[in-house]
Amino acid sequence: MAALELDLFLCRTDNYGVLLHDRLSGATASIDAPEERPILDALERRGWQLTHILTTHHHGDHVAANASLKERFGLTIIGPKNEASKIPGIDRTVGHGDRFDFAGHPVDVIETPGHTSGHVCYHLPEDKLLFAADTLFALGCGRLFEGTADTMWQSLSRLMALPDDTAIYFGHEYTLANAHFAITVDPENSALKERAAEIEETRSDGGFTAPTTMGLEKRTNPFLRAGDPKIRALLGMEKASDAAVFAEIRKRKDNF
């Protein structure tokens, strides 16, 4: 039996709440803190006590419950050093290349600026888990609020270097809309069309599309496929850089 358990649920409208629990120590981390009540309900349902919040970035829909949960549990909040002044209750700052321990599980910090200037993702290499928040979604990526397309492409390239069997938990349930857009960019991709049909069925039943895997995203997510000749030809960008192709795809999604 694996030492780590995860509990996945919705917060607010479409934010994912994720609890990461170590059976041996009893430690429990919330990946971001979008909303207090759903997190408390999940903790009560599982019989867990919250010990950590791992904050990925400063947006309000990811830090809204930091202060109230810290007051209730006396927990430790870890977050990106480049956004520390914007993260309520932060205790420990981390940056790219840092490694820290969560209940005996190594956690690597990957800085992924683009959505925000200091956004980080948390990678647990031994457990094959990535918490990508608003950098990488199933069939999508985050909007560029504080970064350029070049910066975001570099961030996504960092994530693409992870093993294909890495399970990815992302910040929002946007997958159905992402699938509708992805088909317009990559219409001949049979793996994408098959996946889109599965997503339609999953969402019609009220199911969640998280987690995904890095291998699946590399095969079907147009934002990771800027180097694909078919996509480049469809966009008329055969000689453009990968970053420029990515920028065009991001622009089209913004206007979709």
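Even glycines carry a Cβ here, placed using N, Cα and C.
According to Swiss-Prot, the feature Zn(2+) 1 binding site maps to His57, His59, His115, Asp134, an assignment based on sequence analysis. Taking the Cβ of His57 (Zn(2+) 1 binding site) as centre and 10 Å as the limit, one finds 29 other Cβ atoms among all the protein chains shown.
Just so you know, the Cβ of Asp134 (Zn(2+) 1 binding site) picks up 27 other Cβ atoms within 10 Å once every protein chain is counted. Annotation comment: Swiss-Prot describes Asp61, His62, Asp134, His172 as Zn(2+) 2 binding site, evidence class sequence analysis.
Cβ crowding, taken as the number of other Cβ atoms within 10 Å, peaks at His115 among the binding-site residues His115, His172. The number of other Cβ atoms within 10 Å of the Cβ belonging to His59 (Zn(2+) 1 binding site), over all protein chains shown, comes to 22. DSSP assigns His59 (Zn(2+) 1 binding site) to coil in the three-state reduction, outside any helix or strand.
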